[in-house]
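The compositional bias 'Polar residues' annotation in Swiss-Prot covers 1-15, 100-114, 885-910. The region 'Disordered' annotation in Swiss-Prot covers 1-271, 881-918. For 16-54, 240-259, the entry in Swiss-Prot reads compositional bias 'Basic and acidic residues'. Feature annotation from Swiss-Prot assigns compositional bias 'Low complexity' to 81-92. Residues or ranges marked as compositional bias 'Basic residues' in Swiss-Prot: 120-130. Summarising the annotation, Swiss-Prot assigns site 'Interaction with target DNA' to R305, N590, K770, K795. If you look up Swiss-Prot, you'll see E720 marked as Mg(2+) 2 binding site.
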Amino acid sequence: MQRSIMSFFQPTTTEGKAKKPEKEIPSSIREKEPPPKVALKERNRAVPESDSPVKRPGRKVAQVLSSEGEDEDEAPGTPQVQKPVSDSKQSSPPSPDSCPENSPVFNCSPSMDISPSGFPKRRTARKQLPKRTIQDTLEEPNEDKAKAVKKRKKEDPQTPPESLTEAEEVNQKEEQVEDQPTVPPEPTESPESVTLTKTENIPMCKAGVKQKPQEEEQSKPPARGAKPLSSFFTPRKPAVKTEVKQEESDTPRKEETKGAPDPTNYNPSKSNYHPIEDACWKHGQKVPFLAVARTFEKIEEVSARLKMVETLSNLLRSVVALSPTDLLPVLYLSLNRLGPPQQGLELGVGDGVLLKAVAQATGRQLESIRAEVAEKGDVGLVAENSRSTQRLMLPSPPLTVSGVFTKFCDIARLTGSASMAKKMDIIKGLFVACRYSEARFIARSLSGRLRLGLAEQSVLAALAQAGSLTPPGQEFPTVVVDAGKGKTAEARKMWLEEQGMILKQTFCEVPDLDRIIPVLLEHGLESLPEHCKLSPGVPLKPMLAHPTRGVREVLKRFEEVDFTCEYKYYGQRAQIHVLEGGEVKIFSRNQEDNSGKYPDIISRIPKIKHPSVTSFILDTEAVAWDREKKQIQPFQVLTTRKRKEVDASEIQVQVCLYAFDLIYLNGESLARQPLSRRRQLLRENFVETEGEFVFATSLDTKDIEQIAEFLEQSVKDSCEGLMVKTLDVDATYEIAKRSHNWLKLKKDYLEGVGDTLDLVVIGAYLGRGKRPGRYGGFLLAAYDEESEELAAICKLGTGFSDEELEEHHQNMQALLLPTPRPYVRIDGAVAPNHWLDPSIVWEVKCADLTLSPIYRAARGMVDKEKGISLRFPRFIRVREDKQPEQATTSDQVASLYRKQSQIQNQQSSDLDSDVEDY
């Protein structure tokens, strides 16, 4: 009969006779006595062995491999194959209610070796290994059967419901173990009679026997979530309370995750998007970078511009409502920038460094990564694939938008000999922490080629929608999540367009998100014009001119208004800013800070202004100047000048500033003033210096002959032609716009197309004959603003010198792609030998424009089925100051074609009338 453990520690009581010690029972009888079939631990509904801190020794070779102490392999609750001799197959440690007679750990019999002081002697595996008996041999098949049962149960586990958390799954398994049918054991004493308290007196010899498992427990590492040892010798009731507490602690965890879905399932492109309920993070938390990556994925999957804007807008709405401090980093990551252009922060990580970082972070061979990049043509996809195949023992914390953006800025600011190693460490750290598609877009951002088709105007449109639909500045929980709700589709569209114009106009005057975003979050979108105004130090996007084909077109357009003609100088745009403190800044047409490029110009600023002038913004053209001959030098001479950190004493190419507009003066913006007033203030407050600072040569006239003569003279004076501008009517300075109030007239316009075109190089053809081994032709494309795609327009092969072809061939090796970018459209054009990353802009001249069934540019704008191509295109120069998004658009191509047709028709009609009159 199985007895409780207390019977071995208690003296004879009045309730019954004292039981004889176990040692008095002959061993032969003890072997024949059947063991208990189920441990009392299970019968008392105690925790399973898997949760018990009392584990069996991990080193199997140190266990006694006899019938008294077999190693246990069965899982908790698994039906045991009973032995006729030993009960040591139970997986759980001996419970306090029973003392297995043959247990090697809790052997309560005096037959155990005991020292004279009453403590059990130390037993070693080698000394205690008994000889194998026939009984052991007969028990081995039973062990094999039990292990087979265990294996089948492991291979066919019960799948818990998907809604259960990890803690609930464990509890469910425990309940299944407890509910398994068991053979009732022999009656024992009540739980109260077997409870061991601290106040009970235990004999020294018994205490010594009890102390052995405690010492073994102390020598083992603590189990996960280990409890005090005494808790495992208590009844089931406290264990139930513990489980209830665990379930209660798990309940708020499930409630927390209910409102914040997993970022892996985040979908900002869904219809009826809710900025709070559909977000994958909570109020006050940092925006996970995976949310931005998922947004980029959705944008990459579509080609419709409106859908792109809507998807990005949904993400921005959630950021505004939940984590407004992360709005600025999200916008810069969407634009693939690190700040305003004037800060000059660029990542500039080459593909070689990027591939090495991917290899070291993922453990792949560099050669295999390079081969995969050559095959796929996208370092981002290769990084994502390499990262997805790696498994980490301890995953890194999830990436956040602010964390990634900060790391990018750190990379851009690192300089010096050791900077490359530091950059490598930062990049490796980012890749190690990446999940899913995060590696793809981090790699693309680092390479400077995010290329989602998200132009600046699209990002601004998305920001305007987000700031309008989900107004910032609301206390959480946000009351208004969709301010456009209730409006008709047409009214909603017009309202969003008006809101977008407010933001775009503000951005034209203050193209600095660092200044705009704080104001937007504090005061709202409609208050931007009041708080964000034009000021020195913040570069403006310059006003641009439309081309014309001849003097007659100019007179026809400006028939009833006064206008002026100015020389069009062949140089680089230079926007001169002088702040109130006297600091001088010079910016390019792309808002890049060129102050370090022109130290000679900065030194002459105090001489060109009157003392009363404290601050101003001048629009000028920097032109190469020959001081000896006192004449303008060709544009190519200016391009040889050093670009950064120029020492004034080492300057060889001198420049002269030709000023033609004044936008800001002494704290007042002049952009709304007419040109006549701006020109007057320019000449009153500044002084000319020959060869250093000169006003643009101009002529106010409406006489066609005088304009023609003035045009001829401009060409003789090494200028491109004329700029014709209105003086009073519609004569404001339209920032960042190509206005019809400014017209450009070149000498070449009178012979053919009204303007040169700035086109993007998307492919290269290998040369033949005189040009073997290098590129002899190139495939060019125009930019489509509506779809934000590049559409092929012509093949170019003339206008190059041998030196230029060699230089182009070398520079383009770093731009090679196995396939074109997804936003490049060629249709029926002949595919080039090598595809190129579309990042180079060339200025091209042609004889005329023609309809083409092959090229896609401007398709559907003039003809439903045909596009427009160039006849006899010729290379002019590289436009280093332009990005692909600033290339000639399809609308401009169609406009040039229409003007060409109109003039041809007018000329033919004039000839017909002359013939009739003759």
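Any Cβ shown, glycine's included, is placed from N, Cα and C.
What you are looking at is a predicted structure, and each value in this text was computed from that prediction instead of being measured.
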From recorded sites R305, N590, K795, the one whose Cα lies nearest the residue listed as 'Mg(2+) 2 binding site': N590
K795 (site 'Interaction with target DNA') to N590 (site 'Interaction with target DNA') - Cα separation in whole Å: 28
Rounded distance in angstrom between the Cα atoms of N590 (site 'Interaction with target DNA') and R305 (site 'Interaction with target DNA'): 24
In the chain carrying R305 (site 'Interaction with target DNA'), residues 6 or more apart in sequence that have Cβ under 8 angstroms from it: G453, S458, E786, S787, E788
Other CB atoms within 10 A, centred on K795 (site 'Interaction with target DNA'): 19
Other C-beta atoms that fall within 10 angstroms of the C-beta of N590 (site 'Interaction with target DNA'): 17
